[in-house]
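Q: This is the structure, below, for whatever I ask next.
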Amino acid sequence: MENKVRNMEVENEGKNREVENEGKNKEMENEGKNKEMENEGKNVEQSSSSTSFDQILENLDGHKSHLCLDCGKTFSSGGNLKKHKIIHTGERPYNCLDCGKNFNCQATLKLHQRIHTGEKPYYCSDCGNSFSTQSNLHRHLRTHTGEKPFQCSDCGKSFTRQNSLKEHQNIHSGEKPYNCPECGQSFSHERNLHQHLRIHTGEKPFQCSDCGKSFSQLCNLQQHQRVHTGEKPYHCSECGKSFNRSSLKTHQRIHSIHSNSFIHSYHCVDCEKSYLKTHQRIHTGEKPFHCSECGKNFTRLSHLHTHLLIHTGEKPYRCSECGKSFTTEANRKTHQRTSACRLAL
């Protein structure tokens, strides 16, 4: 009996140990699983972090990874970098087949070719004028709107084009960046240099449709054409008479001479005569008006104008009786008073 009790105690003790061992095994198993899950989480985290960094590198590699060693700019493709490098090399690989001119970019070549094709795809809805480039259309539109977005900070004057503002500012700064390669004379405006160069080249692109005479400047042609039209667009504010520009200035002196204030302010200290500064040149010998053709100098601008007709061959004063022409009005009047006119008939 006693033995049976002992056997039962041993058996129960063994079962308790077995249960205890099972609990420990389960704890170890759970602990192992937890560690495994923890390791998996770390691996996932590391994998995710690694993937994100790789993606960033990949994105960076695909976005402006092509570096220009000359200026440090980056580009998204090798082709764009190659096009950009032309700026540094000065290369102009795009050639116009019509005139042989070269360009550094294909888009610029296409715009240039419109000069040859006459293509003007940009239209003004206000007046119907057409233009080869969009920028030219935008500039033109300002003539309708009156917009002048470029303002001079020195005097407040406004301009439709930035280039016009820059040239205008040369007046304030005194800068004359446009130099004549022939004589070294400098100009503040590029157009003034172009006009000046015609003195050296002899170019006279403006031709009179009535007589075929050519001029170096448009304003000179317009003034000449009044010989044919008889137009006298300049009016005297004192008496209302009409003249061309140079004749108006001469005529206005008649009114000025009768002004006491004028006489007093232009009083000659050498001979007491009261007249223009022109008179004083008799005493000083000054001849400020220079002929660029032969080098001769004159005391009056009107004398220079008359002299220039010798070089141009122009004879604007025509005899209505016989058709003969003269360089001066005085010569025509002398001709008409003599028998030479009647003999010509």
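Backbone N, Cα and C define each Cβ position, glycine as well.
So TrEMBL has the following annotated:
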- 1-51: region 'Disordered' (REGION)
- 1-43: compositional bias 'Basic and acidic residues' (COMPBIAS)
- 66-93: domain 'C2H2-type' (DOMAIN)
- 94-121: domain 'C2H2-type' (DOMAIN)
- 122-149: domain 'C2H2-type' (DOMAIN)
- 150-177: domain 'C2H2-type' (DOMAIN)
- 178-205: domain 'C2H2-type' (DOMAIN)
- 206-233: domain 'C2H2-type' (DOMAIN)
- 234-256: domain 'C2H2-type' (DOMAIN)
- 266-288: domain 'C2H2-type' (DOMAIN)
- 289-316: domain 'C2H2-type' (DOMAIN)
- 317-338: domain 'C2H2-type' (DOMAIN)
Q: Residue list, the domain 'C2H2-type' (66-93) vs rest of chain: Cβ under 8 Å, 6 or more residues beyond ends.
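A: Contacts of the domain 'C2H2-type' (66-93) (Cβ under 8 Å, skipping residues fewer than 6 from its ends): 102-105.
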Q: Same chain, outside the domain 'C2H2-type' (206-233) by at least 6, Cβ under 8 Å from its Cβ: which residues?
A: 195, 198-199, 242-245, 247, 312, 314, 316
Q: For the domain 'C2H2-type' (289-316), what are the same-chain contacts with Cβ under 8 Å, counting residues 6+ beyond its ends?
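A: Residues packing against the domain 'C2H2-type' (289-316) from afar: 199, 213, 224, 227, 246, 250, 278, 281-282, 325-328.
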